[in-house]
Amino acid sequence: MHIRNPYRDGVDYQALAEAFPALKPHVTVNSDNTTSIDFAVPEAQRLYTAALLHRDFGLTITLPEDRLCPTVPNRLNYVLWVEDILKVTSDALGLPDNRQVKGIDIGTGASAIYPMLACSRFKTWSMVATEVDQKCIDTARLNVIANNLQERLAIIATSVDGPILVPLLQANSDFEYDFTMCNPPFYDGASDMQTSDAAKGFGFGVNAPHTGTVLEMATEGGESAFVAQMVRESLNLQTRCRWFTSNLGKLKSLYEIVGLLREHQISNYAINEYVQGATRRYAIAWSFIDVRLPDHLSRPSNPDLSSLF
């Protein structure tokens, strides 16, 4: 986990339940006095996420039973990496630390987890979040209001068949946005969701059920095709955003996206690797500006990734 992630050493479930009593029925004290939560129970997932967001970020979040429930620790990893990227970029460009930062979250979901975390941590950040699912849009907007973020976080509806980087298409000037974030649909269609276990083992654990819909979790061609479209759209929007970023769940997808960046002669890109237990996930960032990130932000130490640079 990221060095600034407060969950690096795990979570004390009992202490968390004391701070968020609704979680108490799902916390078990084991014979060795350790505590555990059965994340195979969807309600336990939702309450655990709500508890962390409430205790550690002061956020009150509604999480529908039939939509994806995000895990806070690995979502925070991504936010912290983006923060690091922006810090290096601001220093290189001579921009003030207290400047207004504006970002985009693609496919924000019902929780709007990324912009919620970002806006709660950084008071000078504002975000536009896109979503195609109407129930997710409605719930995310309620979450924005519940946390008094209307002035800093806008949820906009987009289309499955339309462009992905809609806010950039509507931008009025160069570098109007500092970054994009995205947790793309992982699966290649509903059948892939039924047969693949590749997305398990990260977040709530291998036995935890997925509560998301096909619209949230699947797209034709899977995550690689989705992010590839982002890359192609960025070619015409390059000066409107400093850094384009996205999560990736599969190593194969990472290789495909790096290959596409190279094909378009985009040499300014960075990779991040998240490790949780035996499972690895990745993030990719690319840019058309002259600022190059240091190796500790852009080149994971994993030797299996060395051919990507």
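The count begins at 1 with the first shown residue.
For all residues, glycine too, the Cβ spot is worked out from N, Cα and C.
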One of ASN143, ASN172, ASN183 listed by Swiss-Prot as binding S-adenosyl-L-homocysteine at the site of ARG75, GLY107, GLU131, THR158: ASN183
Summary of DSSP states over the motif 'NPPF' (183-186), given as helix, strand and coil counts: 0 helix, 0 strand, 4 coil
ASN272 (Mg(2+) 2 binding site): secondary structure state under DSSP, collapsed to three categories: strand
Residue from GLY58, ARG75, ASN183, ASN272, ARG281 whose C-alpha is spatially nearest that of THR158 (S-adenosyl-L-homocysteine binding site), among the binding-site residues: ASN183
List of residues, in chain order, with Cβ under 8 A from that of ASN183 (norbaeocystin binding site) and at least 6 apart: ARG75, TYR78, GLY107, GLY109, TYR114, SER246, ASN247
Residue pair GLU131 (S-adenosyl-L-homocysteine binding site), GLY58 (Mg(2+) 1 binding site) - Cα distance, angstrom, rounded: 24
C-beta crowding around GLU131 (S-adenosyl-L-homocysteine binding site), within 10 angstroms: 25
DSSP three-state assignment for GLY58 (Mg(2+) 1 binding site): coil
